[in-house]
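Engineer: Below you will find the structure I want to go over with you.
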Amino acid sequence: MGGHRMVLLGGAGSPGCKRFVHLGFFVVAVSSLLSASAVTNAPGEMKKELRLAGGENNCSGRVELKIHDKWGTVCSNGWSMNEVSVVCQQLGCPTSIKALGWANSSAGSGYIWMDKVSCTGNESALWDCKHDGWGKHNCTHEKDAGVTCSDGSNLEMRLVNSAGHRCLGRVEIKFQGKWGTVCDDNFSKDHASVICKQLGCGSAISFSGSAKLGAGSGPIWLDDLACNGNESALWDCKHRGWGKHNCDHAEDVGVICLEGADLSLRLVDGVSRCSGRLEVRFQGEWGTVCDDNWDLRDASVVCKQLGCPTAISAIGRVNASEGSGQIWLDNISCEGHEATLWECKHQEWGKHYCHHREDAGVTCSDGADLELRLVGGGSRCAGIVEVEIQKLTGKMCSRGWTLADADVVCRQLGCGSALQTQAKIYSKTGATNTWLFPGSCNGNETTFWQCKNWQWGGLSCDNFEEAKVTCSGHREPRLVGGEIPCSGRVEVKHGDVWGSVCDFDLSLEAASVVCRELQCGTVVSILGGAHFGEGSGQIWGEEFQCSGDESHLSLCSVAPPLDRTCTHSRDVSVVCSRYIDIRLAGGESSCEGRVELKTLGAWGPLCSSHWDMEDAHVLCQQLKCGVAQSIPEGAHFGKGAGQVWSHMFHCTGTEEHIGDCLMTALGAPTCSEGQVASVICSGNQSQTLLPCSSLSPVQTTSSTIPKESEVPCIASGQLRLVGGGGRCAGRVEVYHEGSWGTVCDDNWDMTDANVVCKQLDCGVAINATGSAYFGEGAGAIWLDEVICTGKESHIWQCHSHGWGRHNCRHKEDAGVICSEFMSLRLTNEAHKENCTGRLEVFYNGTWGSIGSSNMSPTTVGVVCRQLGCADNGTVKPIPSDKTPSRPMWVDRVQCPKGVDTLWQCPSSPWKQRQASPSSQESWIICDNKIRLQEGHTDCSGRVEIWHKGSWGTVCDDSWDLNDAKVVCKQLGCGQAVKALKEAAFGPGTGPIWLNEIKCRGNESSLWDCPAKPWSHSDCGHKEDASIQCLPKMTSESHHGTGHPTLTALLVCGAILLVLLIVFLLWTLKRRQIQRLTVSSRGEVLIHQVQYQEMDSKADDLDLLKSSGVIQRHTEKENDNL
């Protein structure tokens, strides 16, 4: 159907259904072919053809065009080789030889279609070039343009030399039966690359002009070549024309290709085969390499080429021995990814400005003899930087030591990021003369050895200063066991060991630092007595002495343990405000000002585009400033500095903290100039919002909290969507007189749904559902016969029967799907893993991918947790064998720590775009997946966990029903029935990943529960833990079922009938359009509208299928049948 999508709805997977569907597509395809035979070009399109007439063959002659079934010629005014090149390429005769004018081309007849044609040479067709207009000219047929092209079959190329090697020598081309040369004017490495590739001789090593590889004789065929290096033949490059030149044979060009170069590499005068002076063999003669611009990237290519993969140092004139003979290469500049040294940029072979005292060398390693560690700092993640290279130990010199260098060291050791760098004065007693000198790290390297220009050896470190670093992993905190992010038992990791903290060792200041480091806002409360459950294992006895201003717990000093006993019953817990820091700035008091957020470590003003009185009131309450009195527009308290954050809060006004409000930041539009959120609070700490009088369904109000009010209040009217998987899709529920109730679907339509979406700040409605599409509600049915005009700001402002007046049951509950409804998935062609694949988001009715730019491990962790896959994962480039996705929706997603969903993470604005090398799609692999094996159902079996690339089991020590509850919930099963021990479903294989698990039952995943460290177990597989859960809850459990095969066939048959009717109507309408004249613009618009309507219907069907509710929809239809 002309490339337009047709989406089949129906969950039936029966063979009968599939046969119906296949038959349907066959019928549609045959009908389409029959219809196409009767269809001409669409209005506004001109059928155009090109040919050469009157020539010796199909690739020479007079240029003729066919327009509106009329053949005509082209005038030769301004006719050049650019135009000829386009004509030849278009006709599949890629080599242009001559541009013929009236003197060489026979005269045509009829129309003269084009004049003053001007091509760049890159057009795909002649009619894409500029010209005076169709049929406009001032020529006669005596000036008809012509061309002579070649299909390349009569052209040959060779390299000529005395040794007879086909891959080096003077370049010669055979044209019109005669061999001739190529002039060296403007000749470059790109030209040489085309020649070597064309001859199958590998890459181009060098080229030379001035007939250095011998002068030829006969014609000089080509001059002033312009190649980009991608051409398949030299004559495909632009040039002056065959035989046109201003050279003689003293300028003949020659080329040496890889297969003719006789190249080799070696290291000499070193302590091993992987170190020494670098020598290169070229054309049978060994020579050296000059050390001009010689650095570690160049050395890394040499080491890799010689099979010694790690470059330790690039040796220059100080340490390398002197060679003799030729100096072959100078000014080498490698990127580091090249496979051979001669692929790097360099001066011409043998051209240099050096002496042998500047010969370059390298020291390489196979990696096994390199070690870097931190010593003397209290853990493996803090201390003096010590290195061991090829069994020689030394220290890192602090001369030139930067935070970027320290960052790389911390990352290499698995210790997070660098918090602090120091230099320790080294005692001369036992001084070492072996030092590692920092080079220039950019901070993105994975190991220190990848940094540029670091040096190793017996150089002097002035003042004996040793480099010292404290990494964030020195004392890394986490919160465990809380019901929401940013709350839980405080656990601290020293090196590789996690332990809890006693409640008398953590002050309010230290708790503030913990919340700040975890990007969880500010501390709300400190709870003792193992409030979130007792930990296991280590209890740290040190007291954290923080000032409260530190960014990381590792920067706080600690007091030695006191002589007092602590057990896990006194484990301390912390509740943070759950969200980023928030403050008021620029006001005359602490209770008014510009709203500023601290996100991703940076303060910036909040955009006011979605800031309202409900949000402002919650902030005032949080800051103990009473209630919100007003939210001034514009930059009332100044624009502020830093990035303007576009977070959108969705507070109801009843929350205690701004972090308790629903919030979205993903895809938020860029904030307009001067749109800065502000608030003026009452300042009365004891003042709270009082309930307003009840609203009638027809009463109008612009907000549940008026913007200006002497006595601020909060109305009872609230709205939510339930059961749709997000805040912008689901069953419509209204809060009235202290309870939530539903809305009846009588007369429910898109206008009503639009009011709901607008009220919830969810965009526009894309579907208005009825018949309890999102499941039946409970309690009151508050509204019925809702009739909106579309201008209302609240659903209860629309006309209705009145509060609680209805003649419905809950099976008629109304629902809505809004354009801001979002869903997340990982998709791959195999469909075997829902925790591995391309990351896609559903937005505005369409699935699209998410870019991987700036995607951090924190962001990947949010994705994996949101999908119920794992706590962490990895992001990789899309595998090359994967099919392209739909357009990309959003890129540059950056999640701070502590967020629940990807929707809360800042990113680029929503915009459909295509993936590119600088903005690639995300392929995510989530870690720590969990499954049940050998059970009788999907919800029973042996518990197995995916960790570090393999599946393993769980030991049954301390295994109980609370542990089973967590696993059942994590797998989406029903209630836990049994926690089974002693390999009840048979022994597993592989590692035993977890032991001594002690869940409370309310954790979101098994790895949130206290347990021994990973793989620390004294169990065998005969002790593998298992569980039994109730089956997964599906809508089938709430409805009767009919005969599945018959139902499926009826559904598929109905769908097929609808498809055929739509297609026949479309075909008839298209034929009507074809009968109209080409100039009828009105009919063109009708044609376009039909296409848009079909696309819109296809998109609607895609939406239902993709939004996660299609299964319920189909089941309900099957039940009704």
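Yeah, the Cβs are placed from backbone N, Cα and C, and that goes for glycine too.
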Engineer: Swiss-Prot pairs CYS257 with one of CYS196, CYS290, CYS303, CYS308 in a disulfide bond, so which one is it?
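Structural biologist: Answer per the record: CYS196.
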Engineer: With respect to Swiss-Prot, which of the residues ASN138, ASN186 bears the note N-linked glycosylation site?
Structural biologist: ASN138
Engineer: Annotation N-linked glycosylation site in Swiss-Prot: match it to one of ASN104, ASN122, ASN230, ASN844, please.
Structural biologist: ASN104
Engineer: Looking only at CYS139, CYS149, CYS167, which is named in Swiss-Prot as the disulfide mate of CYS75?
Structural biologist: CYS139
Engineer: Taking 63-66, 167-170, 507-510, 1091-1094 as the choices, which stretch does Swiss-Prot tie to motif 'Internalization signal'?
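Structural biologist: The range carrying the motif 'Internalization signal' annotation in Swiss-Prot is 1091-1094.
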Engineer: Just to verify a number: CA distance, CYS410 (disulfide bond) to CYS926 (disulfide bond), in angstrom, no decimals.
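Structural biologist: That separation, Cα to Cα, works out to 24 Å.
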Engineer: What are the sequence-distant neighbours of CYS471 (disulfide bond), meaning same chain, six or more residues apart, C-beta distance under 8 angstroms?
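Structural biologist: Listed in sequence order: LEU374, CYS381, ALA382, ALA406, VAL409, CYS410, LEU413, CYS415, GLY416, SER417, ALA418, LEU419, SER554.
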Engineer: Tally every other Cβ atom lying within 10 Å of the Cβ atom of CYS788 (disulfide bond).
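Structural biologist: By my count, 22.
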Engineer: Please name the residue among the disulfide-bonded residues CYS344, CYS546, CYS905 whose C-beta has the most neighbouring C-beta atoms within 10 angstroms.
Structural biologist: CYS905
Engineer: Around the C-beta of CYS334 (disulfide bond), how many further C-beta atoms are within 10 angstroms, looking at every protein chain?
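Structural biologist: There are 22 of them.
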Engineer: What is the number of residues in the domain 'SRCR 3' (265-365) that are helix, strand and coil, as DSSP sees it?
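Structural biologist: The breakdown for the domain 'SRCR 3' (265-365) reads 16 helix, 36 strand, 49 coil.
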Engineer: In angstrom units, rounded to an integer, how far apart are the Cα atoms of CYS620 (disulfide bond) and CYS149 (disulfide bond)?
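Structural biologist: A Cα-Cα distance of 79 Å.
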Engineer: For CYS364 (disulfide bond), which of the disulfide-bonded residues CYS502, CYS681, CYS788, CYS818 has the nearest Cα in space?
Structural biologist: CYS502
Engineer: Measure the Cβ-based neighbour count of CYS620 (disulfide bond), defined as the other Cβ atoms within 10 Å of its Cβ.
Structural biologist: 27
Engineer: According to DSSP, does CYS566 (disulfide bond) fall in a helix, a strand, or coil?
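Structural biologist: DSSP call for CYS566 (disulfide bond): coil, neither helix nor strand.
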Engineer: So if I measure Cβ to Cβ from CYS303 (disulfide bond) and keep only same-chain residues at least 6 apart in sequence, which ones fall under 8 Å?
Structural biologist: CYS274, PRO309, THR310, ALA311, VAL362, CYS364, SER365
Engineer: Quick check on the domain 'SRCR 1' (50-150): DSSP residue counts for helix, strand, coil, in that order please.
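Structural biologist: Residue counts for the domain 'SRCR 1' (50-150) by secondary structure: 16 helix, 37 strand, 48 coil.
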